[in-house]
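Note sheet for the following structure.
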Ligand SMILES: C[S@@+](CC[C@H](N)C(=O)[O-])C[C@H]1O[C@@H](n2cnc3c(N)ncnc32)[C@H](O)[C@@H]1O
């Protein structure tokens with residue numbers, strides 16, 4: 001169901017009632033389709049997102065808030081599943097200090113070490129590390145644990161039941177370190193994974209180890225100075241002895257687009273530097289050459305549509321990610337771990353090619369001097385996996401804000 005949203009999910013994403021969406025369906029403003037496998041009425045995710053962004057752009061009149069807050073102390077972070085450092089760089093920008101970062105992938109570790117020789121990179125499987133040395137010495141434990149199913153014995157899930165999963169390792173680290181606050185990060189799909197049972201299990205495990213979970217929110221990167229329609233689910237745990245409210249970062253009204261990502265402007269003070277990148281095969285170039293900015297396979301001549309789509313042509317559904325060319329005046333669609341995938345194409349607006357490595361990094365708001373290690377494919381993967389740096393920075397401000405209040409109270 002990844003490509004599609006149910007009526008409730010679409011309504012939540014846009015912030016309108018289900019009734020409004022049904023009316024729009026009747027008026028042809030946002031049409032539901034039949035999901036090919038289940039035959040349920042669903043909405044094509046990319047169409048819903050485009051509509052949502054259009055609203056934001058239309059209503060983009062006043063820019064008021066800033067989430068910036070100055071740290072009252074030097075706060076420290078233990079960052080797990082650190083990847084190439086998207087979240088870590090973002091948190092660093094907000095004033096938090098990474099005391100250690102764990103990551104299994106050797107190229108991602110190389111990236112972290114080369115860019116920040118002073119960071120303590122713990123390379124290897126999280127299962128082989130004991131974090132007790134950080135007990136009561138770290139202010140926040142963060143981590144983008146990969147999502148895995150739990151096996152249930154029919155009762156409330158406890159820490160021991162989750163053994164063998166990476167969430168177990170995240171929770172074990174939190175238990176060993178005992179920070180005032182912990183933050184898990186994941187994809188929106190966690191909300192519906194196993195009908196919500198996986199998320200519920202995570203909340204009950206955090207409860208068991210002494211943390212109350214704040215109502216979960218999905219943050220939209222476009223609201224946090226990121227020129228990309230990416231979403232991240234944030235799971236915030238507050239140690240039970242602390243009676244303070246955690247506040248999510250407030251969304252900004254200004255929406256940035258692809259031009260802001262790749263050209264000199266508000267986000268970057270120069271055009272994107274030249275760099276390596278993958279290429280399309282000639283057969284794909286011939287097809288994509290015919291697609292205009294913001295267009296996709298439906299903009300091709302009928303015969304070419306049929307040839308390009310093959311069996312999918314008759315399946316129905318939007319498939320708006322196929323043969324998709326981005327436009328300069330829209331935020332980029334979510335970047336994937338590889339830049340040229342048939343179902344989720346994101347062709348450059350003017351040239352018929354995938355985004356280069358540095359363009360990818362810009363769309364994720366990495367600074368131009370943050371270099372990635374490994375083959376081109378490894379570099380794309382590290383960037384595609386990352387939390388956008390500017391989103392990480394805003395989450396970082398929310399942590400700083402919470403810790404300022406916490407240390408003020410216990411003084
Ligand atoms: C979603 S990515 C993290 C992105 C990162 N937070 C960022 O902002 O760049 C998840 C990471 O978990 C790492 N990982 C997966 N299994 C692991 C394990 N057993 N131990 C440590 N890291 C692991 C992957 O290599 C991957 O880099």
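Cβ atoms are placed via backbone N, Cα and C, with glycine included.
Please treat TrEMBL annotations as automatic predictions, because they have not gone through curation.
Owing to the predicted nature of the structure, the values given are computational and were not obtained by experimental measurement.
Pulled from TrEMBL:
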type	residues	note
DOMAIN	4-51	domain 'HTH merR-type'
ACT_SITE	147	active site
DSSP-derived class (H/G/I helix, E/B strand, else coil) of the residue listed as 'active site': coil
The residue listed as 'active site' CB neighbourhood, other CB atoms within 10 A: 18
Rounded mean pLDDT for the residues that make up the domain 'HTH merR-type' (4-51): 80
Secondary structure content of the domain 'HTH merR-type' (4-51), with strand meaning DSSP E or B: 25 helix, 8 strand, 15 coil
